[in-house]
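Copied over from TrEMBL, here are the features:
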type     : residues : note
COMPBIAS : 493-515  : compositional bias 'Polar residues'
DOMAIN   : 26-476   : domain 'Major facilitator superfamily (MFS) profile'
REGION   : 481-515  : region 'Disordered'
TRANSMEM : 21-43    : transmembrane segment
TRANSMEM : 93-112   : transmembrane segment
TRANSMEM : 124-143  : transmembrane segment
TRANSMEM : 187-207  : transmembrane segment
TRANSMEM : 219-239  : transmembrane segment
TRANSMEM : 324-345  : transmembrane segment
TRANSMEM : 357-375  : transmembrane segment
TRANSMEM : 381-401  : transmembrane segment
TRANSMEM : 413-435  : transmembrane segment
TRANSMEM : 450-471  : transmembrane segment
Amino acid sequence: MSASKEAICGSTEKDLEKPPLGFFATRYFVTFMLFLGMANAYVMRTNMSVAIVAMVNHTAIKTTDEEIVDECGDRDLPIDDSQDGEFVWSSSLQGYILSSFFYGYVITQIPFGILAKRFGSLRFLGYGMLVNSVFAFLVPVAARQGGVWGLCAVRFIQGLGEGPIVPCTHAMLAKWIPPNERSRMGAAVYAGAQFGTIISMPLSGLLAEYGFDGGWPSIFYVFGIVGTVWSIAFLIFVYEDPTVHPSIDEREKKYINDSLWGTDVVKNPPIPFKAILKSMPFYAILFAHMGHNYGYETLMTELPTYMKQVLRFSLKSNGLLSSLPYLAMWLFSMFISVIADWMISSKRFSHTVTRKLINSIGQYGPGIALIAASYTGCDRALTLAILTIGVGLNGGIYSGFKINHLDLTPRFAGFLMAITNCSANLAGLLAPIAAGNLISDQSKPIMGQWQIVFFIAAFVYIICGTFYNIFGSGERQYWDNPEGDEQKAALSNGANSSPARLSTPQAITATESRQ
């Protein structure tokens, strides 16, 4: 390792290869709590999609598009076993209810990213999830007493409470996780999203069927309790960063701070807005994130409809089947994160090459799978297998662009994530709208319309993944380092004469040109 690299890392290669305390390190406990927080967030996000099936009186809703001609005429169609609920809500009203959460979620991303940078992330994250969880208890009352718009208001407030989860989680990872552990720890935390979906879908179905107070309300009561307990525990036992933790081992605190900042003295400079807006690696993450969310939301929101209309699966009676692709994504994300960290720690691949290779699997994989699945609609088993593999490969993004913010700028990772996650969720909102319009015309062959939906999502995946491969970087950017930070790091390692890595835009260009 060169002197300049030692200066920016703040420790020798030997020091970084022997992290203190092993499995019982404080940073691993923080990672575990963030994982549970992400799981809780996705439970709150997805439980309504299952609950609303049990809430709605399907018999009372008169529709003109229920009779769909099966283009694979040699199949025995399963009988719909859905049960009627207490609300007469049309499909359009159900769409408003399902989307109300995301409007609250989207508008708080950037504000919380800025506030977290200035005031810290922990309390915004903890109290935000507490608001989300407490308002879950009000969902049954709002639906029964306030109707559609009362329910939408409560779900909107839940979305506001969940707004801090991604930018604040990213900001905390930037403060707690050394660079050579980012792929594993980042993937472990964000895999909570799939874990939450895997838990939410089948368990919500069971609660809707056998729960108390009419079944579906128990979904929100049970998960509201779980979320409240997590929020309180998080606020009590987790701390903003290693520096303020009262009982962290001094060796671990020094290991984390030296590997991140090159010194135990951590600066908190203002956000360099102009430099960020001129940064092509930032735009690479932005477009990769937007492309991922469009494709992922197409799968997440429309896959149940596709399985009903084309594959003729009854997802309500088989929650495990609906969660199978996300189980594959969770398992693959954990596996590929170990590979990614090995690629970096072995010194055989740079951060830039590693992020691009792993991200290519995460975005090209589902793109190709969507194209393949559009031609296999009559073969239920093969189509489900292809979609499961495609969603599974999508787990590569957690060791690709999703953790790349921390490579570019440990100090401003939360703010960058707020920008990209806000933009990506806006793009994701377009996915169900586009798909709904494309498949609404029942006079046309339904499989042909779904083929268009899959082609568009695949095109977005591949184009945005390619943009990332061209302009992405895994190197720390010059605008992340306050003036004088490099000199302090160099002095702490006896490398006064060596400039710190990427201290200027020219250094970035020179470094990337060698890759």
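Cβ from N, Cα, C; glycine included.
All annotation found in TrEMBL is predicted automatically rather than curated by experts.
Only pairs six or more apart in sequence are counted, and the transmembrane segment (357-375) with the transmembrane segment (219-239) gives fewer than three Cβ pairs under 8 Å, not enough to call it a contact. Fewer than three CB pairs closer than 8 A are found between the transmembrane segment (187-207) and the transmembrane segment (93-112), and contact between the two stretches is not assigned (pairs 6 or more residues apart).
At the 8 Å Cβ cutoff, the transmembrane segment (413-435) and the transmembrane segment (93-112) share at least 3 close pairs (sequence separation 6 or more) and count as touching.
The stretch from 93-112, 124-143, 219-239, 324-345, 381-401 with the most CB pairs below 8 A to the transmembrane segment (21-43) is 219-239. Between the transmembrane segment (324-345) and the stretches 93-112, 124-143, 219-239, 381-401, the greatest number of Cβ pairs separated by less than 8 Å involves 381-401. Through the fold, the transmembrane segment (124-143) approaches residues 37, 40-41, 44, 48, 55, 87, 112, 115-116, 150-151, 153-155, 157-158, 160-165, 168-169, 172, 213, 216-217, 220-221, 223-228, 230-232, 234-235, 238 of its own chain, all at least 6 residues removed from its boundaries and within a Cβ separation under 8 Å. Sequence-distant contacts of the transmembrane segment (381-401), counting only residues of its own chain at least 6 positions beyond either end whose CB sits under 8 Å from a CB of the stretch, comprise 183, 186-187, 190-191, 194, 284-285, 288-289, 292, 295-296, 299, 303, 307, 310-311, 313, 321, 324-326, 328-334, 336-337, 339-341, 354-356, 358-363, 365-366, 368-370, 372-373, 468, 472. Across all of the domain 'Major facilitator superfamily (MFS) profile' (26-476), the predicted model scores a mean pLDDT of 82.
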